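In what follows, a single structure is set out as structure tokens and then discussed.
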């Protein structure tokens with residue numbers, strides 16, 4: 001065929017395609033086409049050549065041509081494209097003369113994309129197919145793009161739903177959380193050592209601890225095995241704190257300490273000590289030990305010498321033994337009758353203007369002992385010479401409240417004339433002034449922290465003159481704890497301690513107030529020290545840590561002692577506590593309870609209508625929050641929640657649904673308050689464990705007269721508690737099981753003495769009195785006196801022989817009228 005004929009055929013083909021295109025445009029779209037096909041190019045004639053058409057307004061012309069370019073490039077290697085090599089193709093033989101229907105069906109069956117991959121241009125092995133047909137492209141778009149769009153919409157909707165979907169667990173009421181199931185790490189560890197920021201010297205850590213507080217360890221005994229406050233702290237910590245704070249201590253290693261043999265002054269003092277033994281107020285029992293030390297040992301073990309000197313201050317003032325009898329007179333209104341301060345004359349003094357003498361504790365004695373002769377005489381306030389001995393005893397409060405301004409007339413002993421001593425005292429006083437609590441080291445010994453609250457810090461101290469331990473609460477006013485509240489607390493403590501009424505019963509369950517003073521911007525309240533810590537620490541260490549519960553007898557004793565304390569402050573002092581919780585209930589050496597921390601307390605009726613004192617939300621009464629109503633019965637409500645916490649071993653909530661349920665009188669989340677297993681580890685207890693719930697149910701069923709049905713009902717009711725796997729059906733097996741269980745209960749009941757009162761084994765009396773105490777309407781709650789007048793409390797108070805936390809077997813001691 002000639003070239004002319006070929007050109008004519010090509011022209012006819014092009015003309016045919018144009019006519020088809022114009023025909024579509026004139027007569028409308030075919031069935032199944034949309035508006036996007038109006039400008040489709042290419043018709044149905046197979047072609048593999050790039051063609052340009054003179055339609056400038058056709059937007060798909062260039063894109064279709066570009067598609068033709070990519071389809072015609074069959075030589076492109078799969079390695080050059082990360083998408084081309086992943087397309088799956090069907091390996092089929094190409095048949096000649098395949099019509100348009102077969103191509104469309106193949107496109108419908110072809111899945112060239114993997115999941116989660118973007119759409120790419122399909123590559124086939126065909127070199128000339130109807131791949132640029134508008135119908136094929138339309139079907140291609142309809143098959144794949146709607147699915148991808150739908151997938152994108154679903155993904156976006158699900159992601160937005162997951163973000164906006166609330167946490168469903170927030171609507172689930174979990175109730176009260178048992179302390180048994182909680183990790184012990186959630187509870188704060190008891191403070192065993194003082195929080196001292198000073199780094200200890202390695203020489204101090206290697207010292208011998210055999211002679212530390214031998215006298216105090218003899219008296220350190222308790223009915224409890226472990227007590228937070230009875231823990232004997234390492235006395236070296238306070239010594240390190242004060243000794244290391246002084247910058248002059250860095251120069252101490254280079255100072256030569258003269259021996260006793262080479263010091264004329266020490267020899268004179270040593271012989272003078274033998275001649276005037278009855279004229280001195282302080283005697284050092286360790287002088288003989290230090291005298292026998294060699295110079296090398298004395299110099300290398302200087303830290304040990306400080307320790308010996310610390311224990312060497314022993315007062316021989318016999319008048320101090322009578323100071324406790326006259327303490328109240330000396331503390332309130334009799335200080336002005338004291339004679340003028342005594343001037344201690346000293347012929348060794350070389351100072352022209354002696355500085356005022358201050359009451360010095362272990363700190364001054366230790367530092368002076370470090371660089372001076374060990375046999376020198378020490379002097380503290382109240383220690384007089386033979387010619388100036390006074391017959392009036394020295395009061396405890398006057399020694400404590402002594403300030404630097406009021407002691408200007410006292411003289412310093414002769415050994416304080418050293419320039420280095422004066423420099424050390426000046427530097428140390430500047431450092432101590434930075435922390436007001438540091439002045440306690442000058443007035444007391446063995447000072448260490450035993451607790452820290454939101455507004456205060458509590459220290460345990462020892463008064464050197466009487467060797468008696470006290471607790472000092474340091475409070476610094478701030479915007480959350482005003483000065484007015486601090487002064488009110490001191491006033492209330494003073495009033496409660498000195499309250500003289502006809503009925504003094506219950507006063508022994510209130511913390512004893514000793515003294516108070518102000519130093520710089522802080523206030524200090526001195527009270528008696530309860531060696532066994534507080535009730536909260538006892539519950540954590542002796543109950544929760546051992547995975548057990550208190551028996552009902554001790555719980556009733558706690559109710560009795562705290563009710564006695566509340567009745568005294570309510571009826572005799574007209575004071576409401578408003579912050580009753582286990583952390584504010586102290587435990588004495590004998591195991592009795594004492595109510596302390598009157599920081600939220602106030603007098604009733606209120607004088608200030610704007611008064612707003614709220615304790616912890618876990619124990620606060622509902623009327624205080626809702627109506628700002630303050631009544632004595634708010635303390636009764638707090639006592640009731642304390643018993644719920646102690647008896648059920650649960651953590652009281654501070655908000656939420658469980659919080660509101662407790663304030664509506666609902667105890668369903670707490671479970672049974674009476675212990676279902678009252679067997680204890682006491683030496684007087686039998687090996688057999690007694691389930692008081694089964695015993696009470698058995699007695700109740702016998703009274704009903706229908707032992708079989710009632711026995712079956714009893715087993716059914718208690719199946720969740722005693723035997724969760726028991727079948728709850730009503731067949732003969734259950735009747736036999738109930739009879740067997742009743743016989744077992746009879747065997748167990750024989751282990752319970754006949755004199756045991758019913759309220760200790762019925763499982764209902766404790767819950768009944770707790771519901772009475774947490775009555776939502778405060779007017780229906782009992783008073784402290786009404787609680788004490790119940791039969792249960794009268795029996796407990798009449799028969800108990802020990803403190804509230806002391807175990808007295810499972811059911812308490814046997815009453816004397818049964819003996």
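Quick reminder: no glycine exception, Cβ is built from N, Cα and C everywhere.
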Discussion item. Of the residue ranges 13-64, 117-168, which one carries the region 'Disordered' annotation in Swiss-Prot?
Written reply: 117-168
Worksheet item: Among 246, 263, which is annotated phosphoserine in Swiss-Prot?
Response: 263
Discussion item. Annotation phosphoserine per Swiss-Prot: which of the candidates 111, 418 has it?
Written reply: 111
Practice prompt. Can you dig out which of the ranges 341-395, 451-505 Swiss-Prot describes as region 'Disordered'?
Written response: 341-395
Discussion item. If I look at Swiss-Prot, which residue among 222, 323, 438, 680 would I find recorded as phosphoserine?
Written reply: 438
Worksheet item: Between 300, 433, 610, which does Swiss-Prot record as phosphoserine?
Response: 610
Practice prompt. Select from 86-105, 186-205 the stretch of residues annotated by Swiss-Prot as region 'Disordered'.
Written response: 86-105
Worksheet entry | Sparsest-packed of the listed binding-site residues (450, 452, 456, 584) - C-beta count within 10 angstroms | 452
Worksheet item: Under 8 Å Cβ-Cβ from residue 458 (ATP binding site), six or more apart in the same chain: what's there?
Response: 449, 450, 451, 452, 471, 472, 473, 474
Response to the item:
Students should find that the Cα atoms of residue 584 (Mg(2+) binding site) and residue 456 (ATP binding site) sit apart, in Å rounded to an integer, by 13
Discussion item. Rounded to a whole angstrom, what is the C-alpha distance between residue 454 (ATP binding site) and residue 597 (Mg(2+) binding site)?
Written reply: 12
Worksheet item: Which of the three DSSP-derived classes (helix, strand, coil) applies to residue 584 (Mg(2+) binding site)?
Response: helix
Worksheet item: How big is the ATP site in terms of the longest C-alpha to C-alpha distance among 450, 451, 452, 453, 454, 455, 456, 457, 458, 473, in angstrom?
Response: 15
Practice prompt. Would you identify the secondary structure of residue 458 (ATP binding site) according to DSSP, in three states?
Written response: strand
Fill in: Average pLDDT across the domain 'Protein kinase' (444-794), rounded to a whole number
82
